[in-house]
Amino acid sequence: MRTQISFASIAGIQTDLLAVLAADTQAAKTPDARPQPALLTGDPAVQAAAAGVLSTGEFKAGSNETVLLHAPAGLAAKRLLIVGLGKQSKATIHKIRDAAGTAVRFAKPRGIREIVLALPSPENLVALSLSSSKGLPAAGPAVEGAIIADFDPDTYRSDRKDQSIQSFTLVAPPGADHAAIESALAEGVVVGESQNFARSLVNEPGNKLTPTILGQRAAEMAQQVGLACEVHSTEKLRELKMGAFWSVAQGSVEPPALIVLRYEPEGVDNGPVLHPTDKDPSVGAPVLGLVGKGITFDTGGISIKPADNMEKMKYDMAGGAAMLGAMRAIALLKPKVRVLAIVCAAENMPSGTAQKPGDVQTAMPIAPDRPGKTIEIINTDAEGRLVLADGLTFARQLGATHLIDAATLTGAISVALGKTTAGSFSNDEPAYAKFEAALRVSGEKFWRLPLGEEYADLIKSDIGDIKNAGGRYGGASIAAEFLHTFAEDTPWIHLDIAGVAWVDEAKPFVAKGPSGVAVRSILEWVRSW
Ligand code: BES
Ligand code: MN
Ligand code: ZN
C-alpha cells in the first residue's frame, strides 16, 4: 500500500473513493429537528455533497457505520463514503484508527484500489476533545488503521484474489503543519506494518512456521531493519542450563530456537553490562528486556489437549511475534533506549522423549554460583511459563533492568476478561504507570489483574521449589505469579494475550485471524523511556 499526504483542496481530488468521518452529535430530538450527524471535515463542497443524505436521518454515524454516495455533486471523486465514529461525546482518536480501517475494508471487496481519506480539521478534533499538543495526532492512527485493515489471512488459498489497496492518501485539513503531518504519517506506516509483520507470523500454520523457521524470519527482519540478531538452538540451551525451556522442546523432533535481538541506539550509554545481581535498576541507563512466548504449536504435550479447536494452537507464538513486531518498529523509529528481545520458540509435542507429569526440571540459574529453581511438572500443557521462566532469567543475565513479557499464557484470562481485553500484571508501579500511558497512545485494551503470595502459595511443590500448575481458579494470576518467581525484584510487566491474539469474528475494520495485539503498546512503552 502506497501512502501519502495531500495538501490539495478536497473538492478537486480525483479518486475512486473519498472517505470522510462523521460523529453522532446526539442533538436534542424535537419533532421538527432530527439529530444530524456532524461531518468532521469543514470543507464546504463535502458538506454540500453530504447534506442530502445526512438530513434524511437514515445514517446515524454509529461506530463504523457507513453510507456511500456515487458521483457526489460538486466533488471530483467518483464516490463519497461517510464513516461513522459513534457518539461524539465518546469519540477518541482510536475511533479514527478504526474508521480508516472501515473505509479500507469497505473498498477491498468492491474492487476499489485507491482511497483518499479527509483528516478531520483541528476545530473538529477540539470539539471531540481529541486535540493534542503535537498538532495533528489523527494522521498516525489513521494510516495505522488503514494498513491493519488491509491485512487478510487467506495466504494459502489458491483462488486468492489480491484485494489489497494500492494507494491510501490522507488529505490534510487547511492550515495543517506539513512537517508534523508527514512525520506522523511515516511513523504510522512503520507501526501498522510492524503490527502486520507480527500478524503474518502468527497466521502461519505450525508445519510452515517451526521454531527454526521463526528464527530465520526474525533474522531476515533484523537484517532488513539493522538489528543485531542471534538464533541459538539445543546446544546453547544446554550451555545456559535452560532446563525449563528444554523440557518443553525435548518432546519434538523440531529443535527449539532461542532468538535474541538487540537494539543499541547511538548516543546512549552502551557500556558493559553489569551482572543483574550487582546492578541496581535505579542507577544508570535502563536496558529494556522484551521476552516472548514462541510456542509454534501447543498440543499440550503428554497432558494433551482435546481435538476441538486444537488447530488454533498455531497462534501460541503470538507473544513472541509481538516482540518481533515491536523490535522491527523500534529499529525504524529509533528511541533513545537500549532494548533486547528474547523469543523462546519450541513446539510442545507428546512423544517418547516428551516430559511427563511428575518430572522435575531445573530452570536456568541467574548466576553460575546460584542453583536454578527446581520445577515439578504437574501439567505439560502449562508449557508457556516454562519457556518464559528461562527467557526472563536470560534477559536479566544479559543486563535487562526492566522486563516486559507477552504470552498466550492461559485460557483463564479469557474466562476473566473475554475476547477483547487482555490481562496485565506487574511488580512495579513506575514501570506499569508507563505502560498505562502507552495504552492511551496505542488504544489497546489491557486490564491489570493481581499478583500475590496467595497465588504463589498455590504453586508450592512438595518435591521441589515450585510446580507449574495450581488448580483452576485464578489461573491467570497463578501463571503470572509463576513468572514473578523468575523476574524476582526486577521491574517487570506480564501481558497475557491468550484471549485477544486471535480475532474470531471479523469486524468492519479488521479481518478474522491474528490481531497483532501488544505490538503497539510494547512499542509505546519502550518509546516512553
Ligand atoms: N497456550 C495455552 C493457553 C491458551 C489457551 C492460549 C487458549 C490461547 C487459547 C497454554 O499453554 C495452556 O495450555 N494453558 C493451560 C494452563 C493449565 C494447564 C494450567 C490452560 O490455560 O488451560
Ligand atoms: Mn499449553
Ligand atoms: Zn501454550
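Placement of Cβ uses the backbone N, Cα and C atoms for every residue, glycine included.
For reference, TrEMBL has these:
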| type | residues | note |
| --- | --- | --- |
| ACT_SITE | Lys305 | active site |
| ACT_SITE | Arg385 | active site |
| BINDING | Lys293, Asp298, Asp316, Glu383 | Mn(2+) 2 binding site |
| BINDING | Asp298, Asp381, Glu383 | Mn(2+) 1 binding site |
| DOMAIN | 379-386 | domain 'Cytosol aminopeptidase' |
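Comparing the binding-site residues Asp298, Asp316, Asp381, Glu383 on other C-beta atoms within 10 angstroms of each C-beta gives the minimum for Asp381. In the three-state DSSP reading, Lys293 (Mn(2+) 2 binding site) counts as strand.
Cα of Glu383 (Mn(2+) 2 binding site) to Cα of Lys305 (active site): a distance of 12 Å.
Residues from the recorded positions list (Lys293, Lys305, Asp316, Arg385) with a C-beta closer than 6 Å to any atom of ligand 2: none. Less than 8 angstroms from the CB of Lys293 (Mn(2+) 2 binding site) sit Asp316, Met317, Ala318, Gly319, Gly320, Cys344, Gly384, Val387, Leu388, Gly391, Asp405, Ala406, Ala407, Thr408, Leu409, each of them six or more residues away in the same chain. Taking CA atoms as the reference points, Arg385 (active site) and Asp298 (Mn(2+) 2 binding site) are 13 Å apart. Looking only at the active-site residues Lys305, Arg385, the densest Cβ neighbourhood within 10 Å occurs at Arg385. Mapped onto three states, the DSSP output places Asp298 (Mn(2+) 2 binding site) in strand. Filtering Lys293, Lys305, Asp381 by Cβ distance to ligand 3 (under 6 A) retains none of these recorded positions. Close contacts with ligand 1, defined as a Cβ under 6 Å from any of its atoms, occur at Asp298, Asp316 among the recorded positions Lys293, Asp298, Lys305, Asp316, Arg385.
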